[in-house]
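Note sheet for the following structure.
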Amino acid sequence: MSEGEVFHEKQRLELCAIHALNNVLQERVFTKETADDICKRLAPQCVVNPHRSVLGTGNYDVNVIMAALQSRELAAVWWDKRREVENLCMSKVQGFILNVPSRVSLGIVSLPLRRRHWLAVRQVSGQYYNLDSKLKSPVCIGGEAELCTFLTEQLSQDVAEMLLVVRREVEEDGSWLNADSKK
């Protein structure tokens with residue numbers, strides 16, 4: 001599969017959480033409307049929903065991502081950055097959703113501000129791809145060794161976080177982590 005055949009949604013409004021979900025699933029499953037419905041279910045009594053932007057432009061939080069994955073019989077496992085990514089059992093991980101600092105820009109003008117941004121990484125046809133919605137197209141990372149280097153670099157940023165996207169049974173049995181790493 002070439003980069004042109006890899007599913008990749010591009011950034012629109014503050015919908016990076018939706019784009020990351022769809023990119024990691026490799027199909028358009030979630031929309032702003034489905035994410036807004038999840039927000040309403042998570043906080044039904046709130047006038048101002050704490051799980052999204054007050055302006056209604058997106059900016060969904062981790063709770064929305066976790067609920068969306070659960071609706072697909074998947075789970076999000078929060079990665080402990082103190083561990084080495086080489087301890088992951090990559091064959092049990094469907095993909096990765098990272099939350100990283102990102103520059104704010106207005107058109108071509110980059111502002112001296114940083115915000116949080118969700119991005120997806122996934123293996124497609126034996127190669128791992130950076131499916132960041134801010135990229136013009138998917139960027140091939142390479143194999144498992146290159147993926148470990150990429151993830152380590154991303155997680156070296158102070159405020160970067162990572163979710164492992166796994167099947168529910170993988171989350172339950174902890175098989176996303178190599179057996180000798182569980183000690």
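The backbone N, Cα and C atoms fix where each Cβ goes, glycine too.
Small disclaimer: the values here were computed from a predicted structure and weren't measured.
What TrEMBL lists as active site is Cys16, His117, Asp132. What TrEMBL records for 3-180 is domain 'Josephin'.
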Roughly how many Å lie between the Cα atoms of Asp132 (active site) and Cys16 (active site), rounded to a whole value? 8
Cys16 (active site) and His117 (active site), compared by Cα position, are separated in whole Å by 7
Quick one: average pLDDT across the domain 'Josephin' (3-180), no decimals. 86
